[in-house]
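Structure first, commentary second.
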């Protein structure tokens, strides 16, 4: 079984790598953003608690997020393993996750960090745009829709660029994320779980390197 966290700054290629990992290894992709939306829509106890913070414009406390993650990891669809997206973001959350995975007997097997030079990230992020309807992500450099002007996922013709993907905002965003990412990498390095992959390579080569690491777990 493979239980995985994929680390990397915005623009490092985590989304593309995640899709390929899920396709090959049939892991359950767990996104904290999706979990919050689902739990709030279903009005679960944790979902309503999270909503009370979000509605006031406050950050959801780590303990609430951790309960949501534990609830999701307890579901029966996680048979062949999971890939966590958006959690943990801090070492405090990493410690909470460690407790959860021990209780559920679903320990992490791998933490993979995609390393990309800051200049490359700025270039990639500034070229990123999204479908207004479904949120599918595209890139003017590396990932255009199959049919120009038409979203591959939903067929919409409306696209936009997020405010925080605009060049003037990107640099500051990367610095903030790196401050959060660096301690996490240290945390998992000490646990012997971390593998660093060169994210400057083509998506195919990045996945080839990830695949070489994960195939050792089977």
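Every residue number used here counts from 1 along the chain in the order it is shown.
Heads up, the Cβ atoms here are built off N, Cα and C, so glycines get one too.
Taking Cβ-Cβ distances under 8 Å and a sequence separation of 6 or more, the neighbours of residue 15 (ATP binding site) in its chain are 137. In the three-state DSSP scheme, residue 15 (ATP binding site) is classed as helix. Residues or ranges marked as ATP binding site in Swiss-Prot: 11, 12, 13, 14, 15, 16, 128, 137, 138, 201.
Non-local contacts of residue 162 (AMP binding site) by the CB criterion (under 8 A, 6+ apart in sequence, same chain) comprise 128, 130. What Swiss-Prot records for 32, 37, 58, 59, 60, 86, 87, 88, 89, 93, 162, 173 is AMP binding site.
Marked as Zn(2+) binding site by Swiss-Prot: 131, 134, 151, 154. All protein chains considered, the CB of residue 151 (Zn(2+) binding site) has 21 other CB atoms within 10 Å.
Computed over the region 'NMP' (31-60), the whole-number mean pLDDT of the model equals 86. According to Swiss-Prot, the region 'NMP' annotation covers 31-60, on the basis of sequence analysis.
Marked as region 'LID' by Swiss-Prot: 127-165.
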Margin query: Same chain only, please: residues at least 6 beyond the ends of the region 'NMP' (31-60) with a C-beta under 8 Å from a C-beta of the stretch. Say none if there are none.
Written below: 67-69, 71-72, 85-87
Check: When you measure from the Cβ of residue 128 (ATP binding site), how many other Cβ atoms are you left with inside 10 Å?
Finding: 19
Check: Do you know which of the binding-site residues 87, 138 has the most other C-beta atoms within 10 angstroms of its C-beta?
Finding: 87
